[in-house]
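Written below as structure tokens is the structure these notes are about.
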Amino acid sequence: MELQIIINQISKLILLVLVGVYARKLKIIPEEGIAILSKLLINITLPILTFFSITSYKLPDDIFRDGFFIISMAVCIQLFSLFVGKLIAKILKLGRVKKNVYAAQLMIGNTVYLAFPLMTELFGRIGLIYAIIYYLVSLTFIWTIGVYLFNKEEMKNVRQIFKSLINPCTIAFALGIIALILRIDIAMEKWDLFNKSYQFMYDTFYPLGNTTMSLSMVFIGLIIGQMKFKQIVGIFKDRSVQILVLVKLILIPSFFLLVLMFAREFATEIAIAVIFIETLMPASTVTVAIAKENGSDYTYAMEIAIATTVICLITIPVMLRLYQVVF
């Protein structure tokens, strides 16, 4: 990863975020439009992108080794982050509700809206596929431990949690993997009609799915654009938020950078890089909606999401430079 390439890609993403800020500040997109855009991304464009990225790309031979490594590291990263979040919240003597929000936001990163565009720009489709694998682990944590932290009563309804895990994204991923196992590439070589049909579907839908990257950054901009400048400045005066930003964006990534140094023989260079970049992601915006639905402190969750999103635009290039030095 050349530093100049990283800076160029981050700059592009920042400009797209500013488009979202502009659209919200001028009320081109109303407040309810944010929720609509989120549903469009999660239920339509992202599933399309996921399916066609998997089925139209010739996966490397070590995809299964890398996939297992990514899943293992994703579980370790999120459990470790949860433990650290709980510990810090206890030291800061936060209230019960804030303590749970704090731990959840430290544990769960923005594995879709920021990670997917960045992985795609840096590593192409294989980067996106690896990011999707990490996302599936994160999704499981969101709808199990995440929901438990926001409202412990929800954990009693296991059926509802399982239902939440079955969504267009996971279905698209599963269908893509099934297509790989059934070797549809061989079928396309043998049957011209099948090949033409797939190509027609690809040419029709893939451009729509490909808008996920740009729309994701605009979505982040819309969230930031919700708040006034003074409100954003006020967020950074909160000591608990300051500590979370430091821990989530610098200390935890630095710790796992050391871990990955000793684990590099177990996965390819791209898989290692993807895992490290995932640790650099800001707090999730999805958890804000979950907190609101469950009667938790969604305002505090939003403040953390905004603070980490703004600061990560500075810390990501710096930490990736550190990664280059180490690797």
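The backbone N, Cα and C atoms fix where each Cβ goes, and this holds for glycine too.
Whatever TrEMBL says is automated annotation, not expert-curated.
Taken from TrEMBL, the feature transmembrane segment covers 6-23 (among others).
Look at TrEMBL and you will find 35-55 (among others) tagged as transmembrane segment.
Summarising the annotation, TrEMBL assigns transmembrane segment to 67-89 (among others).
According to TrEMBL, the transmembrane segment annotation covers 101-120 (among others). Among residues of the same chain six or more beyond the transmembrane segment (101-120), those with a C-beta under 8 A of the stretch's C-beta atoms are 9-10, 13, 41-42, 46, 78, 81-82, 84-86, 88-89, 92, 94, 127-128, 130-132, 134-135, 138-139, 141-142, 145-146, 149-150, 212-214, 216-217, 219-220, 240, 244, 247-248, 274, 277-279, 281-287, 291, 296-297, 300-301, 304-305, 308-309, 312, 316.
Annotation source TrEMBL lists transmembrane segment at 126-150 (among others). Here the transmembrane segment (126-150) has long-range neighbours at 49-50, 53-54, 57, 59-60, 63, 66-67, 70-71, 74-75, 78, 82, 100-101, 103-104, 107-109, 111-112, 115-116, 119-120, 161, 164-165, 169-170, 173, 270-271, 274-275, 278, 284, 286-287, 290-291, 294, 296, meaning same-chain residues at least 6 beyond its ends whose C-beta is under 8 angstroms from one of its own.
Long-range contacts of the transmembrane segment (162-184) within the same chain, counting only residues at least 6 positions beyond its ends with a Cβ under 8 Å from a Cβ of the stretch, are 42-44, 46-48, 50-51, 53-55, 59, 132, 135-136, 139-140, 143, 147, 194, 198. Residues or ranges marked as transmembrane segment by TrEMBL: 162-184 (among others).
Distant neighbours of the transmembrane segment (204-224): 13, 16-24, 29, 33-34, 37-38, 40-41, 44-53, 56, 110, 112-114, 116-117, 120-121, 232, 285, 302, 305-306, 309-310; these residues of the same chain sit at least 6 beyond its ends, with a Cβ under 8 Å from one of its Cβ atoms. Residues or ranges marked as transmembrane segment in TrEMBL: 204-224 (among others).
Under the heading transmembrane segment, TrEMBL lists 245-264 (among others).
Among the features that TrEMBL reports, transmembrane segment is placed at 270-291 (among others).
TrEMBL lists 298-320 (among others) with the feature transmembrane segment. Long-range neighbours of the transmembrane segment (298-320) within the same chain, counting only residues 6 or more positions beyond its ends whose Cβ lies under 8 Å from a Cβ of the stretch, are 1, 3, 6-7, 10, 13-14, 17, 98, 101-102, 104-105, 110, 114, 118, 220, 223-224, 227, 232, 235-236, 238, 241, 244-245, 248-250, 253-254, 257, 277, 280-285, 287-289, 291-292.
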